[in-house]
């Protein structure tokens, strides 16, 4: 491989057993996944890999030359999750295999439970990439930070002072209820974009693309987010979606610091305990991504990489392992305390329409026959 060649970066994650409860991943699950992926490097299926964790989610980060949605790569991830699930069951871990919602692999893990973010890119002379991993929240949790990275000049100075970025970017937004998508240009359609993505439980940013004239081809994503909703697959609540994202940085794109800056504000996201509460998103190093207080607060980990000319993953650098984010963590804890004091009341608890796929309807159904008309 060399500069100018195509390479694919795949991040595929699943919750296949918590230790204990929903708090973290047992080390034996990581080792099992590493064994499966090591063999895949030896047989040439993938170029390189890293197995990360965030909360109770096992995260597979892989580079290869097989493109997005490759049955070989998705099948490999499924095998790693299946083998790790066997270990989880032997250990009696909580929710063993809970994100594997189908019995057999059918060529693509989309719609089978795991979350997927992938991009096929043309390698630049230097290719800095950040993978983001969230726990106890939903795909819409990325809306605000991705918007700020690529469309907010108060966050990203490059939008003002870098000629390569000054034209703005294109946002691919998915309506995850109607299964439709729209492409919006910024800054021209900024207000239209915000009208959609502010409703983060329905409209989610799936990809960001450069505009024509940018050094990066306009059909190559510069950011991609997993958008799988577990309840749409299972038909009931089986866990929160815990999204992942891949973001490219530098040289006509947001600088590394501009990619990380949105997370200095611990904005409110949906998820937390039983997937039913709003709470702050706390940026943490990987060793602190173990949600315990009320199964939270929700966490985000940022891993930094350089992709070598051979497609190797040079890293990771645990980017939130930095005292510069201590204030964000402290603020997140203050917000956590404030929100928890609401107990079962909104706005800490999600509104009823967002509780449809939780266990609450089963409770409310018992009261249906006891309601009577008000005269």
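Cβ coordinates are placed from backbone N, Cα and C, and glycine is handled just like the others.
Counting every protein chain shown, the Cβ of residue 56 (Mg(2+) 1 binding site) has 32 other Cβ atoms within 10 Å. What Swiss-Prot lists as Mg(2+) 1 binding site is 15, 22, 56, 98.
Residues or ranges marked as active site, proton acceptor in Swiss-Prot: 15. Under DSSP, residue 15 (Mg(2+) 1 binding site) is assigned to coil, being neither helix nor strand in the three-state scheme. Every protein chain shown contributes to the tally, and the Cβ of residue 15 (Mg(2+) 1 binding site) ends up with 30 other Cβ atoms within 10 Å.
The Cβ neighbour count for residue 22 (Mg(2+) 1 binding site), using a 10 Å radius over every protein chain in view, is 25. The feature beta-D-fructose 1,6-bisphosphate binding site is assigned by Swiss-Prot to 22, 94, 107, 108, 136, 250, 251, 274, 295, 357, with similarity to another entry given as support.
For 22, 136, 274, 295, the entry in Swiss-Prot reads dihydroxyacetone phosphate binding site.
For residue 135 (Mg(2+) 2 binding site), the Cβ neighbour count at a 10 Å cut-off comes to 30, with all displayed protein chains included. Per Swiss-Prot, the feature Mg(2+) 2 binding site maps to 56, 57, 135, 242; the stated evidence is similarity to another entry.
Per Swiss-Prot, the feature active site, proton donor/acceptor maps to 237; the stated evidence is similarity to another entry.
Among the features that Swiss-Prot reports, Mg(2+) 3 binding site is placed at 240, 241, 242, with the record citing similarity to another entry. Using a 10 Å Cβ-Cβ cutoff, residue 241 (Mg(2+) 3 binding site) registers 27 neighbours.
The active site, schiff-base intermediate with DHAP annotation in Swiss-Prot covers 240.
As annotated by Swiss-Prot, Mg(2+) 4 binding site applies to 241, with the evidence given as similarity to another entry.
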Binding-site residues compared (136, 274) - the one with the fewest other Cβ atoms within 10 Å: 274
For residue 295 (beta-D-fructose 1,6-bisphosphate binding site), the number of other Cβ atoms found within 10 Å of its own Cβ: 23
56, 98, 241, 251, 274 filtered to the binding-site residues whose C-alpha is within 10 Å of residue 135 (Mg(2+) 2 binding site): 56, 241
Neighbouring C-beta atoms (10 Å sphere around the C-beta of residue 57 (Mg(2+) 2 binding site)): 29
